[in-house]
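Below: one structure, written as structure tokens.
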Amino acid sequence: MAAASRSASGWALLLLVALWQQRAAGSGVFQLQLQEFINERGVLASGRPCEPGCRTFFRVCLKHFQAVVSPGPCTFGTVSTPVLGTNSFAVRDDSSGGGRNPLQLPFNFTWPGTFSLIIEAWHAPGDDLRPEALPPDALISKIAIQGSLAVGQNWLLDEQTSTLTRLRYSYRVICSDNYYGDNCSRLCKKRNDHFGHYVCQPDGNLSCLPGWTGEYCQQPICLSGCHEQNGYCSKPAECLCRPGWQGRLCNECIPHNGCRHGTCSTPWQCTCDEGWGGLFCDQDLNYCTHHSPCKNGATCSNSGQRSYTCTCRPGYTGVDCELELSECDSNPCRNGGSCKDQEDGYHCLCPPGYYGLHCEHSTLSCADSPCFNGGSCRERNQGANYACECPPNFTGSNCEKKVDRCTSNPCANGGQCLNRGPSRMCRCRPGFTGTYCELHVSDCARNPCAHGGTCHDLENGLMCTCPAGFSGRRCEVRTSIDACASSPCFNRATCYTDLSTDTFVCNCPYGFVGSRCEFPVGLPPSFPWVAVSLGVGLAVLLVLLGMVAVAVRQLRLRRPDDGSREAMNNLSDFQKDNLIPAAQLKNTNQKKELEVDCGLDKSNCGKQQNHTLDYNLAPGPLGRGTMPGKFPHSDKSLGEKAPLRLHSEKPECRISAICSPRDSMYQSVCLISEERNECVIATEV
């Protein structure tokens, strides 16, 4: 137990010592490189010469910035050199006598960016160079400067001159190992263990080693394609499956234990393939089990009656999986690596300078001239890798790709893209402008059509619609027009075109005036022969039509008169007796003559009964009769009209029926009024 305690105490002590040493080493170094010291006369600052010569050494004091440098404490550090030479001499990079050039002034704090520097040259009469061992007048020269200084690898050259001496030197500030940043305050130590896998960049940031990622490069990058949820890895390019999953990329579920011919979508399932059944899909149902057509361990699935599908194992193809595939056919090896097919995959044999599963990582350095097309190589991470700075028009990790700045088709509206070294330009089609031909230019904007022509902007130019009297591409040509084409003159006037003004002039005939001869002058009115002619013609036409109508009527009246008629004589005596009363008789047929026969009793016929024949209601001839005799008491002679005889045996004549010949063109109608003492005989067509 005591031994264990002592061992633990020892380790703790060693750790403290290491930490103290690390802190004492500081975070940076101020370096001063002496180059040349000139003391041609070999004298001291007091002007007294050195005997036999000035054996010169230097004391350097570095301190914080002061506007006026004082000889106080050297807060940033101090250093002395051995004797470097006599009088005038040049200082080598590493002087003899155990001195170091450049001189190192380490500091263990954040570099402030400003400083004050004192450089003293002393004469050493003996070998003891301690300040207390030297007389005060042994000083040869003293210079003091102050300024700002950034951390960097570049040296700043300076030269200080006094009355008797001249000193040329250079200086810089660099960070100590494992310190980075603008003020050497960032600590970074590369490592490749459980706590991280990285190197340090020039700014102190971590740069993960290939295959690692994360804030401190502790997370491995799994095999490409490894399922994010179903797989994991403990080292790069590895893919370990979680429970229930299998396969190279852990994307295949593990079916239920004992599942023979089934699949799964989640772990521990057993979904039978077609043609198999049972709890574990081990019962053969059809063609696949009976005939086993699939080769090389392929899975057979029934897809119908006597049909099947073979699911081949990796590395096989064909209908029955009878053909073997090589995984090297896809050329997985990069950078010229050769592929070797293996039973469970493939292996890439990488050429010199490359490594990795697919030879994707390069081990080249700038010494191998890896940059093409004039690219410059720059080493990174202390030569662990490199970066190529490509010239214009080239890109890629090794400047192997030529940049085509027209690939993105930047020119619009059909413009042509042209490469012009580090830039590009667009050649626009007519009608477009702009850096990328994005602006449409209207050819009509400048009003190119003359004399009031109308401009039409076309895709590849413009077109002018010219007004009357102008032609040409821009309506610039004046042309004469036929002003008389529209016949503007009236009343048979003669039209002339005025070529100077492109207008018309009307030469009017006698009797008309006006710009178009549209106004008549005061002349005696002429006889209206046209109206008279039309009236006379119309009258003649009406007369002819009347004559034609009369002729047609006469032709219709010339039928035979001996036709059979139904006369009043066909009536019975009683009917005759009551046919004609002693009232007025109206005969509407002017062609017929009325005769009343009173029969045997003539007494009534001798009476004055005023049987009057009234022809007023007869508009025209209605029929033709052949009955002889006249009515004795007629007020109007019937002339040559054919008689219509009416016979009656009684003194009263009562007419109650129609009597007329049925086959004649006219009908004699006996019209009986409401009063019995009135009898009307009429004809009706």
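From the backbone N, Cα and C atoms, a Cβ is placed for every residue, glycine too.
These figures come from a predicted structure and were not determined experimentally.
Quick look at what Swiss-Prot lists:
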- Cys61-Cys74: disulfide bond (DISULFID)
- Asn108: N-linked glycosylation site (CARBOHYD)
- Asn183: N-linked glycosylation site (CARBOHYD)
- Cys188-Cys200: disulfide bond (DISULFID)
- 191-195: region 'Interaction with Notch1' (REGION)
- Asn205: N-linked glycosylation site (CARBOHYD)
- Cys208-Cys217: disulfide bond (DISULFID)
- Cys226-Cys239: disulfide bond (DISULFID)
- Cys241-Cys250: disulfide bond (DISULFID)
- Cys253-Cys264: disulfide bond (DISULFID)
- Cys288-Cys300: disulfide bond (DISULFID)
- Cys312-Cys321: disulfide bond (DISULFID)
- 324-360: domain 'EGF-like 4' (DOMAIN)
- Cys328-Cys339: disulfide bond (DISULFID)
- Cys366-Cys377: disulfide bond (DISULFID)
- Cys371-Cys388: disulfide bond (DISULFID)
- Asn393: N-linked glycosylation site (CARBOHYD)
- Cys508-Cys517: disulfide bond (DISULFID)
- 551-685: topological domain 'Cytoplasmic' (TOPO_DOM)
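In the three-state DSSP scheme, Cys328 (disulfide bond) is classed as helix.
Recorded residues Cys321 (disulfide bond) and Asn393 (N-linked glycosylation site) have their alpha carbons 50 Å apart, per Cα-Cα distance. According to DSSP, Cys312 (disulfide bond) is assigned to coil rather than to any helix or strand.
Neighbour density for Cys388 (disulfide bond): within 10 A of its CB lie 20 other CB atoms from the protein chains shown. Shown in sequence order, Cys188 are the residues of the chain, 6+ apart in sequence, with a C-beta less than 8 angstroms from the C-beta of Asn205 (N-linked glycosylation site). Ranking the recorded positions Asn108, Asn183, Cys226, Cys328, Cys377 by the distance of their Cα atoms from the Cα of Cys74 (disulfide bond) places Asn108 first. Remark: Cys517 (disulfide bond) has Cys489, Phe490, Asn491, Ala493, Cys506, Cys508, Pro509 as non-local neighbours, by Cβ distance under 8 Å and separation of at least 6 in sequence.
DSSP places the residues of the region 'Interaction with Notch1' (191-195) in helix, strand and coil in these numbers: 0 helix, 3 strand, 2 coil. Taking only the Cα positions, the spacing between Cys226 (disulfide bond) and Cys250 (disulfide bond) is 6 angstrom. Counting only same-chain residues at least 6 apart in sequence, those with a Cβ under 8 Å from the Cβ of Cys371 (disulfide bond) are Cys377, Cys388, Glu389, Cys390, Asn398, Cys399. The disulfide-bonded residues under consideration are Cys61, Cys264, Cys339. Their Cβ neighbour counts within 10 Å are lowest for Cys264.
Confidence annotation: the region 'Interaction with Notch1' (191-195) carries a mean pLDDT of 91 in the model. For Cys239 (disulfide bond) paired with Cys288 (disulfide bond), the C-alpha to C-alpha distance reads 35 Å.
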